Amino acid sequence: MNVPHPHRPSLWLNARLATMDPAHGAPYGALEGHALLLRDGHIEAVLPQAEADAAAFDGEVFDLQGRWVTPGFVDCHTHLVYGGSRAAEWEKRLTGVPYQQIAAEGGGIVSTVRATRWLDEEELALASLPRLKALMAEGVTTVEIKSGYGLTLADELKQLAAARRLQASLPVEVATTLLAAHAVPPEYAGDADGYVDLVVESILPVAARAGLAEAVDAFCESVGFSPAQTRRVFEAARAHGLKVKGHVEQLSNLHGAELVAEFGGLSADHIEYLDDAGVAALKRAGTVAVLLPGAFYFLRETQKPPVDKLRAAGVPMAVSTDLNPGTSPFASIRLAMNQACVLFGLTPEEALAGVTRHAAQALGRGATHGRLAAGCVADLLVWDIAHPAELAYSVGVPLLKQRVFRGAAQHID
């Protein structure tokens with residue numbers, strides 16, 4: 001299969017499309033025997049094969065020979081820009097050493113903060129590059145990257161700048177999120193309110209003015225920040241024109257999802273302890289529920305998110321890797337899909353929607369990403385599969401034939 005020139009229009013024939021567009025009604029939004037017309041980095045048309053006049057087309061023509069095509073994957077929740085490793089800490093925990101002892105010895109999130117602060121922007125981007133490339137190799141074309149391991153003005157900005165540097169060097173779209181309210185740094189031990197002052201009065205305004213973040217996140221949890229502190233962060237985000245999202249209801253129910261919904265948040269993430277009021281709030285606000293099965297698995301949790309209630313209420317469910325060094329060190333979007341099915345009870349179709357249409361919605365990109373539809377960006381994946389369910393069924397099997405970003409393709413073979 002040839003690789004199209006990135007600046008020329010292209011016509012992709014003989015495709016089986018998993019459009020993930022509910023307008024088509026069929027499972028996966030499937031269209032058999034169709035063609036895609038790509039121009040200027042966007043999908044210009046999705047048309048039946050019989051209407052695709054290859055002979056008269058003024059660009060490049062490619063025969064997909066009946067292969068399945070999906071939208072490019074969207075990984076809507078990652079912490080992939082960081083320094084260091086927590087493998088030794090994980091090994092200790094497996095042998096029975098309590099987390100409190102590890103933290104007292106300088107481990108835990110503080111060790112990642114220390115390692116991240118030690119690296120400069122270029123070094124941080126280089127350290128994170130293999131993780132991003134691993135996601136791209138499985139079909140990720142858009143990825144969210146959070147800060148949250150700097151916890152000072154300079155280091156939070158450095159993380160966001162490193163994420164932007166990665167976007168500039170690779171064919172991938174990066175959505176940056178400020179997560180300064182991730183943990184209380186050592187300098188503010190015992191003074192969470194004082195640290196929140198720093199976030200809302202300094203870190204967040206500077207990041208907003210610099211254009212380094214498009215959204216603001218906060219870890220609303222008993223071991224993170226209280227609902228009142230989270231509200232302060234969200235109010236500051238709104239004042240600076242930034243969208244909000246939240247790490248909520250992961251370990252307990254502090255009604256953080258309702259707070260996210262109150263601010264019209266893009267997404268409520270983790271949500272293992274989400275209750276009926278939280279489900280209703282997400283539905284009313286149009287907020288996406290982001291499921292993170294990797295962290296659930298890695299931490300050996302037992303409380304599952306209320307998938308049946310979310311499904312019944314019609315709350316869109318996204319699926320993401322939560323790639324991070326402490327609780328989900330997995331750079332595999334297809335593993336997350338498999339885990340969402342096996343651990344949380346999603347169907348393969350729901351899992352695929354979770355890394356395409358709904359994940360795009362969780363990043364405020366629902367109108368332009370995550371579907372094969374006219375007007376959407378020309379980010380698409382060509383697969384060697386017999387059925388779309390295979391994408392969530394197997395892990396580690398290289399199924400991706402071609403990754404197309406804004407109309408330009410790369411061979412995966």
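Heads up, the Cβ atoms here are built off N, Cα and C, so glycines get one too.
Annotation source Swiss-Prot lists Zn(2+) binding site at His77, His79, His247, Asp322. Neighbour list (His77 (Zn(2+) binding site), Cβ cut-off 8 Å, at least 6 residues apart, same chain): Glu144, Lys146, Ser267, Asp269, Val290, Leu292, Ala318, Ser320, Thr321, Asp322, Ala362.
The number of other Cβ atoms within 10 Å of the Cβ belonging to His247 (Zn(2+) binding site), over all protein chains shown, comes to 31. The Fe(3+) binding site feature in Swiss-Prot is assigned to His77, His79, His247, Asp322.
Under the heading 4-imidazolone-5-propanoate binding site, Swiss-Prot lists Arg86, Tyr149, His182, Gln250, Thr327. Counting only residues at least six positions away in the same chain, the Cβ atoms of Gly294, Ala295, Phe298, Leu299 sit under 8 Å from the Cβ of Thr327 (4-imidazolone-5-propanoate binding site). Thr327 (4-imidazolone-5-propanoate binding site) falls within neither a helix nor a strand when secondary structure is assigned with DSSP, and so counts as coil.
Classification of Tyr149 (4-imidazolone-5-propanoate binding site) by DSSP places it in coil, neither helical nor stranded. With a cut-off of 8 Å between CB atoms and residues at least 6 apart in sequence, the same chain places His79, Val81, Tyr82, Gly83, Ile109, Thr112, Val113, Thr116, Asp155, Gln159, His182 near Tyr149 (4-imidazolone-5-propanoate binding site), listed in sequence order. Among the features that Swiss-Prot reports, N-formimidoyl-L-glutamate binding site is placed at Tyr149, Asn324, Gly326, with the record citing sequence analysis.
Each of the binding-site residues His79, Arg86, His182 was ranked by the number of other C-beta atoms within 10 Å, and first place falls to His79. Cβ environment of Gln250 (4-imidazolone-5-propanoate binding site): Glu221, His270, Ile271, Glu272, Tyr273, Ala295 lie under 8 Å away, each six or more residues apart in the same chain.
Sequence-distant contacts of Gly326 (N-formimidoyl-L-glutamate binding site), defined by Cβ-Cβ distance under 8 angstroms and a gap of at least six in the same chain, are Arg86, Glu89, Gly108, Ile109, Thr112.
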